[in-house]
Amino acid sequence: MQLQDLVVTVSLLAAFNGGVEAWSPTNSYVPANVTCPNDINLLRNATGLSQSEIDWLKKRDVNTREALESFLKRVTSNFTSNSSASNLIDQLFSTNSSNIPKIGIAASGGGYRAMLSGAGMVSAMDNRTDGANEHGLGGLLQAATYLAGLSGGNWLTTTLSWNNWTSVQDIVDSQDNDSAIWDISHSIVSPGGINIFKTGSRWDHISDAVEDKQKAGFNVSLADVWGRALSYQFFPTLYRGGVAYLWSDLRESDVFKNAEMPMPISVADGRYPGTAVIDLNSTVFEYSPFELGSWDPSLSAFTDVQYLGTKVSDGKPAEEGKCIAGFDNVGFLMGTSSTLFNQFLLRINDTSIPKFIRNLATHFLKDLSEDYDDIAVYAPNPFRDADYVNNNRSKSLSESEYLFLVDGGEDGQNVPLVPLIQQERDLDIVFALDNSADTEENWPDGASLMHTYRRQFGFQGQGVTFPSVPGTDTFVNLGLNKKPTFFGCDARNMTDLEYIPPLIVYIPNSRHSYNGNTSTFKLSYSEKERLGVIRNGFEAATMNNLTADSNFAGCIGCAIMRRKQQALNLTLPKECETCFTNYCWNGTIDNTPAKGVTASNDFDNASGSAAADMAEQDASGAASASSSSRKKNAAVSVDVNAKTLFAIITAMTAVFQLI
């Protein structure tokens, strides 16, 4: 389709046939013992990229080179100083491959709203989308090296990546199929609609799968249930929603092995029961097809995702030559990044639902949280006895028997930027797709960027840099939350930082042809609603199909080349100067209190002393890397049966629909 016209032209989505042969060793949701090398060590220090990622990048760089050069030439072809643009592109794509810009894309959380609106934004960058080259940014996705997702954004990135790198175009064109991806016409609690037998059977299967894992001796929580339920919507052609499908299986998919797609990265936060996480102290975990871990000084380690569930000490299996495989179920890891249960508990007082329902929901969800059931349990802890934690930091993460992970946006960083701004990944530009519901009307207000910027001044942000951004009042008052905005346009203003961070292209969800500001907890969408939100996302990412600014695609090209152009002291086309005037935040501040936005806490007035205060607050090393020894070693498990699960999800859904 042209997403703005919704024209069906593409063949139906093929079944997954990308050469995957791994799957769970039990062909079920239950992990199992497998043999592994006697000298294997599953842990490494976070001092650089893994060798697996380095080797994969060599192949990806070959593919992105041609795609990016083609994209840049196309979007700058209408520059009056075309020769200047061509010369710059030729210089960047000379024999020295280190001069070629590297791109990352980050899709925010926000439930199905973020998944669908983010899908529209990503489709605008995909040359497989009809009309994306003419009316959008087609080819940009093919030129990207990384694609990060969090919560609802993670549902998007996982759907595309683990369905043989399918396209949003294909998904939309296949909506009439019996086994259509993203068929969310019925709530996750009642997938059969009026067909109660289908609903009952679905929940029996979910209950059986999770109960079997529990009987095998593995801890389970509602994250297992949540992930299993979601999987049916994202992998409908696979047996029971991919009950045996693994995160590490992507390594064996031809489209990934050949680096024909960006590397997907998902994000979650570390949290122990009884603690809270904020932007300054959270331990941000990332998981790629190769590894799970964190760059943060509270852990500074990565482990092989394929052998999660193995009992280890400093990365060495407790039993020589024996590991666990099958723990990394794709639904479980996908559900880990989107544990909406505790997200609702944290934000319920900010909702407008009736007080008596709020009190009931708070009581119900508080009981869940106190029982630790809202947390994804990774046990045994893959980082047990890890020796890479900063000496000035609590070692709770490595001393605990269990690793607890929650929704990646719980620390306020709802756009998963942390993995993409690491110096080791050396990106020049990151596209931040923000579909958060920050304001009272469920639009973004830049809070996520504010939190990521602020984090660099705390202990956990050591060694990470991020360009200056304003607070939420300024975002709203200047309208920065209603159109694409560039941050960090001039590297000369950041020479005092440890390294020059990527330029950030902020693309917020905003109203164009459809009200895409649905509630995070809206659990069902009609086909009309799905297509409306996707279409609006396409328009938000393209300045309304380039009708609001016919030069917008060229400006994106300028932004992509900016870091390398400055580093190499090359001549910039004059059109790029105009672009930067129009789209770069120029430092203007407007602290007038804006209605219904995330509190900035006088963020716009922050100075060096404020940053020092932030660092001081973080020095205690509390929150995600601390708790009482009783809580951090508490066994966590849910008594699983179909009736209990159905009752829990039904009650949650009834409340969510009132938000």
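Numbering starts at 1 and runs along the chain as it is shown here.
Using the three backbone atoms N, Cα and C, a Cβ is placed for every residue, glycine included.
Features as listed in Swiss-Prot:
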SIGNAL    1-22  signal peptide
DOMAIN    35-590  domain 'PLA2c'
CARBOHYD  Asn45  N-linked glycosylation site
CARBOHYD  Asn78  N-linked glycosylation site
CARBOHYD  Asn82  N-linked glycosylation site
CARBOHYD  Asn96  N-linked glycosylation site
CARBOHYD  Asn127  N-linked glycosylation site
CARBOHYD  Asn164  N-linked glycosylation site
CARBOHYD  Asn219  N-linked glycosylation site
CARBOHYD  Asn281  N-linked glycosylation site
CARBOHYD  Asn349  N-linked glycosylation site
CARBOHYD  Asn517  N-linked glycosylation site
CARBOHYD  Asn569  N-linked glycosylation site
CARBOHYD  Asn605  N-linked glycosylation site
Between Asn78 (N-linked glycosylation site) and Asn281 (N-linked glycosylation site), the C-alpha gap once rounded to whole angstrom: 47
Pairwise CA distance, Asn45 (N-linked glycosylation site) versus Asn82 (N-linked glycosylation site), rounded so that it is a whole Å: 47
Number of other Cβ atoms within 10 Å of the Cβ of Asn517 (N-linked glycosylation site) across all protein chains: 20
Where Asn45 (N-linked glycosylation site) sits in the secondary structure, as DSSP reduces it to three classes: strand
Cα proximity to Asn82 (N-linked glycosylation site), best match among glycosylation sites Asn96, Asn127, Asn569: Asn569
Nearest-integer angstrom distance between the alpha carbons (Cα) of Asn517 (N-linked glycosylation site) and Asn569 (N-linked glycosylation site): 42
Lowest local Cβ density among Asn78, Asn82, Asn127, Asn219, Asn569, which the record lists as glycosylation sites, within 10 Å: Asn569
Winner by Cβ contact number (other Cβ atoms within 10 Å) across the glycosylation sites Asn45, Asn164, Asn281: Asn281
C-beta crowding around Asn96 (N-linked glycosylation site), within 10 angstroms: 10
Between Asn164 (N-linked glycosylation site) and Asn569 (N-linked glycosylation site): CA-CA distance (Å): 41
Segment confidence, the domain 'PLA2c' (35-590), expressed as mean pLDDT: 93
